[in-house]
Amino acid sequence: QFFVFCHGLLQLSQLLVSGYLKSSISTIERRYGLSSQTSGLLASFNEVGNTLLIVFISYFGSRVHRPRFIGCGAILVSLAGFLMSLPHFITGPYEYDQSVASMFSNTTDLCQPGVPRSGGNLSDAGCTPHAARENHEVLLVMFIAQALLGIGGVPIQPFGISYIDDFASERNSPLYLGILFSVTVIGPGVAFMLGSAMLRFYVDIDKVAGDEVQLTNKDPRWVGAWWLGFLVAASLVAISAVPYFFFPREMPKEVGEGDFPLVLLRNLRHPVYLLVVLAQVNLSAMVAGLATFMGKFLERQFSLTASLANMIIGAVNIPGAMVGIVVGGAILKRFQMSLKQCSAMCVLGMLLCLLVAFPLLFLGCPTQKVAGVTYSESSELGHHALECNLQCNCPEKAYNPICGSNAIEYISPCSAGCRVVNIHAENNSVLNYTDCSCISENGLVGFAKPGTCGTGCSHLFLPFVVLSCLAGILASTSHTPSFMLILRSIQPEDKSFAVGIQFMLLRVLAWMPGPVLYGSAIDTTCILWEKKCDRKAACRYYDNNLFRQR
């Protein structure tokens, strides 16, 4: 029982490391200027190290000292977690364009006629070879960490499960494995809650005094302390690893022998096994893509902070999926279903899920009006609008969104022609911008507030959350019946091997490509890219309708 307790703890903290990355992905994109394709590849890269080894380890598992292997794996995972946070400590502070001169730079992004633009953080200061190299180093470190995370995670589940199954009594074994299984489902939920807590802190909390930070966490340029969660999770893994070095080896029962390639072929030729695994592949690819980018989707569609988006996913969507899994298992047990009934139940769950999820296509709003990006004033105001900021010499790279009193968003105070910034006396934050030559209402010169205008979609947020949660519950009722279909359609002695192959296929066909495909599809809907040294970095604005549909 102590082993079960330790294993539950270890699996939870291991999932914290891998799940936490998904919760902070939109933040890491913004901090290091990554496209969603790159971040999707990063998020699924831990599966690479995992896949290469998983099948052999589940096959040769009974010949080694399993607890010690698990302990070593856990130490690798913990190392990977610490490596993930390393980029924060080897790069300088996060820089963003400002309207107020500060310790970082004395240039501002206000409209300053007659001032030639040079120097400061609005120009190509970040384009030295050093900065470009720094960015490559960050990516390299993160990819290595993800690969290590995958390799370290290999022995943990298969060895732990087989160890428990070997030494627990026949009666208790299902209970113990059920406990572990529920932990693996809760894990990602806890990871998103951890993300929600950490992203409320500013990223450079350790490098910059609080009053130097002019951003609030509602600002589109806000970057939360993504690295803190990795330190927490990695420490937890390290602590959970300790007891494993003290468990005994004990000789396991002998396993029925079979030749490796023959067993593989025997399973792959089985039509039910193959069809169910392919169905699971399709579902898992969707789940893998959603888990990685659902937070980002909520942030953009409903103008939420990253912290709130994680809170919703961790507190609503993931528990919903757990409820579905439990309900599916309960129905299965209550009615003692045959294989035909199992497959009918899977089909029904999926059909209902599709019906409930269909309206989600329409629950959203178009991107807010952004001058010069999604909206051009010249069509309405004639010739005057285009020239309103010509004399300002705006740097084209500036990104410091403001919301005009005419409800149109401008990329920076300069592009709205604002000449005056008003500062809050106590905490140095920006109150508003005035004297803005591009913002006119009723013939008067308008003003603007810092921050994005938002999509005006908040009224659709609740129906979206309710429907997506329902769809998740319905889809996950098919989880247990589909596993039953697999376990009952193959020969008993091939069971553990068949599950090993199933997970390998899921990894190769779903969990690896899923986030990358999703990320690429999301990238195609971008309408304004941040440029870093003439290469595309992170996306500033998406076409929200396309983003939602694709």
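For all residues, glycine too, the Cβ spot is worked out from N, Cα and C.
Quick caveat, the model's predicted, so the values are computed rather than measured.
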Which range is it, out of 41-62, 459-480, that shows up in TrEMBL as transmembrane segment?
41-62
For the transmembrane segment (138-163), which stretch among 69-90, 223-247, 311-332, 344-364 has the most Cβ pairs under 8 A?
69-90
Six or more residues out from either end of the transmembrane segment (311-332), which same-chain residues have a Cβ under 8 Å from its Cβ atoms?
23, 182, 185-186, 188-193, 195-196, 294-295, 298, 304, 342, 345, 349, 465, 468-470, 472-481, 484
With Cβ-Cβ distances below 8 Å as the criterion, list the same-chain residues six or more beyond the ends of the transmembrane segment (223-247) that contact it, or say none.
2-3, 6, 9-10, 12-14, 16-17, 20-21, 23-24, 27-28, 30-31, 67-68, 70-71, 74-75, 77-82, 84-85, 87-89, 94, 191, 194-195, 197-203, 205, 217, 306-307
Residues outside the transmembrane segment (175-203) whose C-beta sits under 8 Å from one of its C-beta atoms, at least 6 past its ends, are 4, 7-8, 11-12, 14-16, 18-20, 22-24, 27, 31, 88, 94, 157, 160-161, 164-165, 168, 210, 213, 215, 217, 222-229, 232-233, 291, 295, 305-308, 310-311, 313-315, 318-319, 321-322, 325
